[in-house]
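Here is the structure we will look at.
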Amino acid sequence: RSTFNVQDGSDFQDRVVNNPKPVVVDFHAQWCGPCKILGPRLEKMVAKQEGKVLMAKVDIDDHTDLLCSPLSPCFSCPQVSAVPTVLAMKNGDVVDKFVGIKDEDQLEAFLKKLIGA
């Protein structure tokens, strides 16, 4: 499957940061209405890429340890101040991001830029 749920910090390190493939990371929460719209839409668009990109889902309420505040000196963890936040990661680096809902055309452009298509 091209989509997976992040289990903990070491899982994030292994399956996202150390992944040779580009990974889209969806930071969401159960209580977030826009997340419920964006999540399935993003999953569908990632599935269309036929394995060229993966999608990691991170529930911010379950994984506060993966988040940094913008004032933190930490550079290895994602800075997420609102949900949904979607990061595009390549070779362990954040290369792009957006906050909020995007339509399918915008998501496709975001993914193509990440893949380099």
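The backbone N, Cα and C atoms fix where each Cβ goes, glycine too.
Among the features that TrEMBL reports, active site, nucleophile is placed at Cys32 (among others). The Cβ of Cys32 (active site, nucleophile) lies under 8 Å from the Cβ of Val83, Pro84, each on the same chain and at least six residues away in sequence.
Counted within 10 Å of its Cβ, the other Cβ atoms near Cys35 (active site, nucleophile) come to 23, all protein chains included. Per TrEMBL, the feature active site, nucleophile maps to Cys35 (among others).
Under the heading disulfide bond, TrEMBL lists Cys32-Cys35.
Residues or ranges marked as domain 'Thioredoxin' by TrEMBL: 1-116. Summarising model confidence by region, the domain 'Thioredoxin' (1-116) averages a pLDDT of 87.
For Asp26, the entry in TrEMBL reads site 'Deprotonates C-terminal active site Cys'. Asp26 (site 'Deprotonates C-terminal active site Cys'): 23 other CB atoms within 10 A of its CB, across all protein chains.
The Cβ of Gly33 (site 'Contributes to redox potential value') has 10 neighbouring Cβ atoms from other residues within 10 Å, across all protein chains displayed. As annotated by TrEMBL, site 'Contributes to redox potential value' applies to Gly33 (among others).
The C-beta environment of Pro34 (site 'Contributes to redox potential value'), restricted to residues of the same chain at least 6 apart in sequence and closer than 8 Å, consists of Val83, Pro84, Gly100, Ile101. The annotation site 'Contributes to redox potential value' is assigned in TrEMBL to Pro34 (among others).
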